[in-house]
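Trainee: Straight from TrEMBL, here's the annotation block:
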- B:72-252: domain 'ABC transmembrane type-1' (DOMAIN)
- B:76-98: transmembrane segment (TRANSMEM)
- B:110-132: transmembrane segment (TRANSMEM)
- B:138-157: transmembrane segment (TRANSMEM)
- B:178-197: transmembrane segment (TRANSMEM)
- B:203-222: transmembrane segment (TRANSMEM)
- B:234-255: transmembrane segment (TRANSMEM)
Amino acid sequence: MVAIKQVSKSFGASRTEALQACTLDVPAHEILCVIGPSGCGKTTLLRIVDGLIRADRGQVFVNQTEVTAPRPDVAMVFQHFGLLPWKTVYDNVAYGLRVQGRADADLADAVSRYIDLIGLRGFEKNYPYQLSGGMQQRVGLARALAVNPEVLLMDEPFGSLDAQTRELMQEELLRVWRSQPKTMLFVTHSIDEAVILGDRVALMTRRPGRVKEILEVGIARPRDPETVRRSTRYLELREHIWHQLKVEVVGGNGQ
Amino acid sequence: MSAVAEQGRAAGRRETVAGLPPAGIRFLSVMVGLVAWEAYGRALHSVIFTYPSAVVRAGYELIVSGELQFYLKSSVIVLSLGLVLAIVLGIPLGILMGRRAVIEHAVDPYVNALYATPLVAVIPVIVVWLGFQTKAKVVLVFLFCIFPILINTYQGVKNTDSRLVEVARSFCSKEWRLWRDLILPSSAPFILAGIRLAIGRGLIGMVVAEFYTTITGLGYMIVQYANTFRMDRLFVPVVVLMIMGVVLTGVLRHLERRIAPWLYVAREE
Ligand SMILES: Nc1ncnc2c1ncn2[C@@H]1O[C@H](COP(=O)(O)OP(=O)(O)OP(=O)(O)O)[C@@H](O)[C@H]1O
Ligand SMILES: [Mg+2]
């Protein structure tokens, strides 16, 4: 479904290399979690897959067609939320659908369904600046889900949530995913989240980012987070990913 | 003066000063000024000086005779036509300049040159080309008004959060939708500030044009009464202009605060 082939990207006059020959394949309806040290190029990778910026070298294919510009069947949840400050929660969630030309009457159901899902019923008329960071982040998630894309690019979508809300949102996301299977590239800093959500976990090296290792999670779905956390497979993966990340982060500090 | 007061309010200084609220101090200050002017004017007893009560009396006469309304109407027409024209052309052109590099570089030299030119210098040219009537004056007010609107709009567009532009692109927004959803709301505070500046400049342009063409308008009234040394009557259009300036820019300032509440979040409790 999503095929990333040997993608490289450098920025600025100094040609700081953010990604180096990065290759990843995400089959349809798979959740691939991407985990890697800060600054290793995860956001850059998602922006390239979304068609927002072009890779210097390499190609990205979605549904067998090469990505050259943003497309409606791919939606992104931004690390910086990217809400429009002058639009209410309702209008922000409706934004993607309106841009796609859906009539107001036609989109009301979907919008209120996703507002319920993110637990912001009663806040429809609030503006982003009247919400907490975690609430804003959930609005960004609802906006992307509302357009019902085939591919979801999630850039640390739960990074600003407290532990409880985070687990609730993970469950909600899995519920949506079960009823409307989507292909997901899910960037996270949480090893726990990667193992609970992912079919596979891709570990990235420090900058310039390459795929260091891809791990099969191999835990049957539907998963109950509590049971998963007690399983030996979970502990094993956790231990392994932790060590691999530590090597990257410590190495990145010049040791 | 009011800019300083605004800053004080923005910083949250609402407490009383010397036992008086700020509004009380300002009111007192104006009263003291008026009384001093009145006393000095009466004592001086000169034809080329006047004092507030004489101006009020002259204003009353000019209103009763209908003269003030007549000239005011003509001025207001010139100002509003010129201003509306500047808004209607200035905002889209400013957005285009901000969004399209070709247009930016093509228009930039004209904008820079004309904005730097003291426009008073082109009044005779405009009068020679367009005559003494409303048309010439509207064009002059337009020229005085358009540059702050155009330049502020352009800066507002350039100031739009590029990350939000990326969000819009991610959802495959068309350019015109991007204007509506993103560019206009995000540059609205800049545009309104531009219009506020334009009103100030437009008033100057209007009066100077009326000085020069001397057919009608508040500027004409001023010239006429200056020539006949009717200082009390001369001050009437001056006071009207002052009120117009204060009210219009005050309304715009108020709108600026209303239109972009997200810019003032930090100031709320
Ligand atoms: N627009 C840009 N201009 C210049 N350099 C950039 C730009 N975007 C990213 N970079 C650089 O590319 C590298 C990767 O950035 P990126 O945002 O993709 O990291 P990330 O993996 O998402 O980090 P984090 O986990 O902290 O979000 C960084 O070193 C960053 O400095
Ligand atoms: Mg990032």
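Each residue's number is its place along the chain shown, starting with 1.
In case you wondered, yes, glycine gets a Cβ from its N, Cα and C as well.
I would like each feature placed in context: is it buried or exposed, what are its neighbours, and how far apart are things?
Mentor: Beyond the transmembrane segment (B:138-157), the same-chain residues lying 6 or more positions past its ends with a Cβ under 8 Å from any Cβ of the stretch are 78-79, 81-83, 85-87, 89-91, 93-95, 97-99, 104, 111, 114-115, 119, 122-123, 126, 130, 183, 186-191, 193-195, 197-199, 201-202, 204-206, 208-209.
Remote same-chain residues near the transmembrane segment (B:178-197) are listed as 83, 87, 90-91, 94-95, 98-99, 148-153, 155-157, 159-161, 164-165, 168, 249, 252-253, 255-256, 259-260, 263 (criterion: CB distance under 8 Å, separation of at least six residues from the stretch ends).
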Trainee: What same-chain residues lie close to the transmembrane segment (B:234-255): Cβ under 8 Å, and 6 or more beyond its ends?
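Mentor: Sequence-distant neighbours of the transmembrane segment (B:234-255): 6, 50, 55, 58-59, 62, 68, 71-72, 192-193, 195-196, 199-200, 203, 207, 218-219, 221-222, 225-226.
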Trainee: Are there residues at least 6 beyond the ends of the transmembrane segment (B:203-222) whose Cβ is under 8 Å from a Cβ of it, and what are they?
Mentor: 67-68, 70-72, 74-75, 78-79, 82, 119-120, 123-124, 127, 132-133, 136-137, 140-141, 143-145, 233-234, 236-238, 240-241, 244-245
Trainee: Should anything in the same chain at least six residues away from the transmembrane segment (B:76-98) have a Cβ under 8 Å from its Cβ atoms, list it; otherwise answer none.
Mentor: 104, 107-108, 134, 137-142, 144-147, 149-158, 160, 179, 183-184, 187, 191, 194-195, 198-199, 202-203, 205-206, 209-210, 217
